[in-house]
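Participant: My questions will all concern the structure given below.
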There are 2 protein chains.
Amino acid sequence: MADFTSGLRPADPQGPSLLAQERARSSIDVEQLAKHLLSRNDFLGRQKRILSILTRIPLFSKRNLLNIARPDRYQLGLARAKTLRRLSLKHGWDQEDYLMAEYLMDEMGPYALQSSMFATSIREQCSDEQKAYWLPKVENWEIIGCYGQTELGHGSNVKGIECQAKWDPQTKEFIIHSPTLTASKWWNGALGRTANHAIVVAQLLLPGPENDKYESYGPHQFIVQIRDMESNKPLDGIVIGDIGPKYGYPGMDNGYMLFNHFRVPHGALLSKYSGVDIEHGAYIKPNNPALVYGTMTFIRAQIIMHARLVLARAVTIAVRYLSIRRQFSDRDSKEACAPEEAVLNYPTVQIRILPLLATTFALHYTGESMYKLYWSTRRQIENTGDISRLAEMHAASSGLKSICTTLAADGIETCRRAMGGHGFGGGSGMVGLNNEYLSKPTVEGDNWMITQQTASYLIKRMAEVVSQPNFKPQDSIHEQFQEYILGTKDSRKNSNGLDVVGDPFALVAAFKQRVSYLAHQMYQARVIETEPWTSLMIPLHRLSCAHAESLLVSNFYEAAFTRISPPSPDQATVDILQTLFRLFALFTLRASASEFLVSRTITVDTVAHVTPAIQKLMTQVRPHAVRLVDAWSIPDYLLESDLGSYDGDVYNRVFQRAHQENPLNMLTFNSDWRSEEIIMGEGEENASKRMQALALGVAGRVRSPSLSSKL
Amino acid sequence: MADFTSGLRPADPQGPSLLAQERARSSIDVEQLAKHLLSRNDFLGRQKRILSILTRIPLFSKRNLLNIARPDRYQLGLARAKTLRRLSLKHGWDQEDYLMAEYLMDEMGPYALQSSMFATSIREQCSDEQKAYWLPKVENWEIIGCYGQTELGHGSNVKGIECQAKWDPQTKEFIIHSPTLTASKWWNGALGRTANHAIVVAQLLLPGPENDKYESYGPHQFIVQIRDMESNKPLDGIVIGDIGPKYGYPGMDNGYMLFNHFRVPHGALLSKYSGVDIEHGAYIKPNNPALVYGTMTFIRAQIIMHARLVLARAVTIAVRYLSIRRQFSDRDSKEACAPEEAVLNYPTVQIRILPLLATTFALHYTGESMYKLYWSTRRQIENTGDISRLAEMHAASSGLKSICTTLAADGIETCRRAMGGHGFGGGSGMVGLNNEYLSKPTVEGDNWMITQQTASYLIKRMAEVVSQPNFKPQDSIHEQFQEYILGTKDSRKNSNGLDVVGDPFALVAAFKQRVSYLAHQMYQARVIETEPWTSLMIPLHRLSCAHAESLLVSNFYEAAFTRISPPSPDQATVDILQTLFRLFALFTLRASASEFLVSRTITVDTVAHVTPAIQKLMTQVRPHAVRLVDAWSIPDYLLESDLGSYDGDVYNRVFQRAHQENPLNMLTFNSDWRSEEIIMGEGEENASKRMQALALGVAGRVRSPSLSSKL
């Protein structure tokens, strides 16, 4: 629209010049730091290569996403997923390339399960014969798959699922059946409208010795064709649908599915580890399932690495925008018309953003450390068969998944709120980010539930320490536990507790000391006093959080102080990383200060110095904030944020999105309450019908609303 | 759809029977408690009366809201707003009735500013002559209004707004002008597509004594016609539009507006308190603006009362659903197939939900107390002209607005996450609630900014205490401050600190002691050591939070222990209220335990007992949880939640919404990646065009060079 606004520009100072000044204030070598952070699997090179392909495809534009109806949004998701598949063939992408494309498109589309859960199940749970049959079809995308585990009535408690697979010895088939409504599969991605095949998790029921009463052998995986390959309609005996709108994932068709005595052949049961004897209907017992924990650790390491990039995205937007945004002048200024301050200069804004900036690095080094642990444990198992480290690895990954996804989910919203009004707008890039990520604290193990596994492990280890032959009750239990479990024995504590403010290593020791104290308390309560598990759940959760925080702090310390991993940045940058370490650790300590006090790790006098120390560290980080987020190398296409773009041209972008691209502004409305007309000129009767249809949707029409009757 | 699922029901036990059991476990008289909580302005009677009208109107159905496109969503909002206006005339609603309808419809529609900010400005800022002209037009809805204060470049800092109103002594007109892009009005509700008039806040510029250089007299309000009354198009010289999608408020057209030397008459300046002499162009100074604070206090009391109902809504859904939802059996159970536990029985779930249940009551009693303070202060001013209590009231209302809206906003998300997978679904009723409420920590005074006003007040009062003629430095400053400011002198502290676990009143004393300690610290830093204000912002924020929490605790204590207000519930219910008080206060104390320790209010030994005490209190509250949320009387129409409906028929409702009402399920899709077709039978070419249009939106239709260059 050409009008007088085309001659206007934002009030000075301009965003781009402000960001240039910010970048000039710091000597951090962004490229070097980016390489240090993002060299694994050639992340940076891959990002650049895939990005240049994606941004040339108009269908992949993100500009209109918040304007369209949910049914249309799924269709766009499907169209994009198809295009992505074709691109991957054209350019010969490997799996990592494909994942990079999904990350940059920032969309969980209807094919997202194909090469993840669907293919993985077939690869890892099928017998060789099954694999030979199914894997080529999956890898060539001849069939489109999904993974059907969770149900309307059961999520976390997989053992409780109700869907049944009953062996019929007569016909040598399994009868898959949903005996109740709550047995309906629920939430399964790609199931709702897309997939023609599914991995279905069902209770395996086999007849007893006399072929009479059926017994359950627990949940097992079956591969089932669910839709006709021509019409894409559900097969007879199966009811399927999309579960409807939800928080985030608008382009994905999360589905429901019920079976009415639906028969599948003997070969449908994925039978690498267990099976049913086709002749006698006897159960074939599975091998040691411990290796499953290994895979879970790998997935959780990926979740942590993803969490760091998601949080980095929010922090990038916040740091850039808040360096540009000005509001109020200094209260103590003597000038009559003092210039307004950059919002990021206010300590009340810094305290919300800069510890989160430090957190992105904390997550990074722990994610790296989890990968290393996974690969070394895997090698150990493959070479020696020794699975002794699996439990430690699983405990760490559970506690870390819980805390890292909570940190990222809460962190996004903290950044959004710190951005005031514009943090609210659709052009902030925060609305979709928030909505999409909010599933993470729930999926892959609920964050308040999986911590029990970590706590349970720590109690067992504490019991081992106490029952050691060389255990000396006269010594400090905590020191012995630390030495035995946590790999350090360091007690620099004097009568004033640890000097967490002055000595970086004291922070590491403080976090370990707290774990040890809480672990011993829980050992005492559960093992000695045999208190009911349920009654201990709150302190058990705290114990797990303490352990996970201790790992975050230790790994960060190691990376910044003792063993900076190559390609390493220059010393000036390492100094900043050390400052970020102290900021992260002190901020985390402050949030649970009373636990450090109760465990006599620090004193009340020390606590009083923590907040001033945090504030001082923040002033040291502040000049480097923009360069530090630059190092995370989040491209503008991924940010999709008027506030956080690399160039800092905030207000022109915000205005253009509203003034040039908002479909609502193409229409003029009749705002007179006495008229039922809505769009000027459409007439009262048309408007009434249209509005009624919008309000009632399917409920009002019975038959399909025309999805194309938009505007 | 009639299929085999119509014969299925959820696995036992059924939700309705579980809720019936829950209700049978408690003897709380729900009706009596509801009257105690909701008698102000006949809330309950009004709710019943308005509800029965609204639920008969098909246009007011909420079933389809998450499926429709944003431009349609605004149109539906406009249609509903018109219907609501007509209903209000038909039924002779007063303002309270109208607000009740808006509350129950849970929609901020395009007329929402008409009787609030627009009418209020005219009533309170117009001269008698102006009022006589404008008020009838506003009250008859002949004109539709909005309120244009915030701008693209300025929100909280009203003094910094850039829009100008320059007095032209020749023509006796004001020239309203936007000199920059950031001067654009921004965020203003109803402006985008609806309103034909606006209150515009602009810097008043008057020529100097020689009619030469202009001087600014700060922001003033002008009433301006902005659209043609026939065509509803913006008048020449004004550019207006809707700012686009944002977090929540999809039915509202938040707008932007720029002026190009737009002339308005002398009478456009609202001139009850200040004005411009039409003859000489001289400024007429305003009266004491202190009364504005009074109105703000009233609005903030309303915000607190709204926060309690919003939080009650989230807690109602969570308590009901989590009483029904079962997952896992007790780990210590000896039974082979122990029944699964209600999720609300797990302490790790209780700790997230039950303190929030207690918080609804805490907010309630403080909201009540704020109303009382407002009316008594107003009476005092009207009767005696004594405005001495305004500052106290304003300080309290600022601190409370900050903390109460944060508690509610965070509380909603805490409830949602506690509900696991289904908390995620569109049928939870939590998605819209979350999105809508997330503006509240930002609007009406940013929650991290307005706390400075509270802290500033407390420092002044501390300075007064210290400079009192009878101040005795040898006595405890804190006791003298408490007596002077906080109205109590109670020091039950012994060498073990206050007995906050055992003695309810000790909790009140502890919160006051903490305020006094922090206030004295800030007095010392700011007044004695003259530290820069900005450097103190973090502890100043904490001081304000401590004061607000102290008010919440004191008011709750008073209501539950010393002065239960009529109509009062029976003693058994009062006992529960007292338990809820202790739960709220101890939970709040625990969250900031280190501040209580640093201020020597409690000892480290006491802290160790707080969590077990909280857990014990929760087991006392647990049996009453369902009846307690019932007392908040949130109707199903407002909840719009399959999980939280009064009858507890969770799974049937969740399934029906997906299976009967999801428009996406009316279509069958071509999921073969080799075909560009999307809907089965539509053909590849049609699909390609449609998908391209969806992706690019307006950007694909109108000239937008920058977008295509970016892609």
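Each residue, glycine too, has its Cβ placed from N, Cα and C.
Pulled from TrEMBL, these are the listed features:
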DOMAIN    B:29-144  domain 'Acyl-coenzyme A oxidase N-terminal'
BINDING   B:T150, B:G189  FAD binding site
DOMAIN    B:293-459  domain 'Acyl-CoA oxidase C-alpha1'
ACT_SITE  B:E444  active site, proton acceptor
DOMAIN    B:506-674  domain 'Acyl-CoA oxidase C-terminal'
Participant: Go through the recorded positions B:T150, B:G189, B:E444 for me and flag any whose C-beta is under 8 angstroms from a C-beta on chain A.
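Facilitator: Out of B:T150, B:G189, B:E444, B:T150 lie under 8 Å of chain A.
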Participant: So, by DSSP, how many helix, strand and coil residues make up the domain 'Acyl-coenzyme A oxidase N-terminal' (B:29-144)?
Facilitator: 86 helix, 0 strand, 30 coil
Participant: Using Cα coordinates, what distance in whole Å links B:T150 (FAD binding site) and the residue listed as 'active site, proton acceptor'?
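Facilitator: Cα-Cα distance, B:T150 (FAD binding site) to the residue listed as 'active site, proton acceptor': 11 Å.
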Participant: Would you find the one among the recorded positions B:T150, B:G189, B:E444 whose Cβ has the most company, meaning other Cβ atoms within 10 Å?
Facilitator: B:G189
Participant: State the Cα to Cα distance, in Å, between the residue listed as 'active site, proton acceptor' and B:G189 (FAD binding site), rounded to an integer.
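Facilitator: The Cα atom of the residue listed as 'active site, proton acceptor' is 14 Å away from the Cα atom of B:G189 (FAD binding site).
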